[in-house]
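Have a look at the structure below, then the notes.
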């Protein structure tokens, strides 16, 4: 399931996101499993409303996890066309099933940015090294 996506991985920012092409310039955006494990337990998520225009790296959502509140930046410039009401009601879905619990869908406004994303194969070593370095417990993640 995680291999059919592209990724934005910036370990120094503890940023691990997935992006899935839904066709017609629409992209689903979610939290990769390592970030879902780091953000356990996720208490709340506030997602920008449908119609919001965002530039690359602007806050797509605000997440509250443990004792932290952090922004979840957008990996692509675009317009929010859908938000996942289920994860707003039950944020812990992201912790347990990060690849089926998308956060928002964007209509991309700069398709060149997609070229900056990486395949699952390209991120494996970086993610494994980070898990070892930070001693990340990914056991909460079911998928």
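Glycine is treated like the rest: Cβ placed from N, Cα and C.
Features of the protein shown, as given by Swiss-Prot:
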{"type": "DOMAIN", "residues": "26-107", "note": "domain 'Lipoyl-binding'"}
{"type": "MOD_RES", "residues": "67", "note": "N6-lipoyllysine"}
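When Cβ atoms from all protein chains are considered, those within 10 Å of the residue listed as 'N6-lipoyllysine' total 6, not counting its own. For the domain 'Lipoyl-binding' (26-107), residue counts in helix, strand and coil come to 16 helix, 37 strand, 29 coil, using DSSP.
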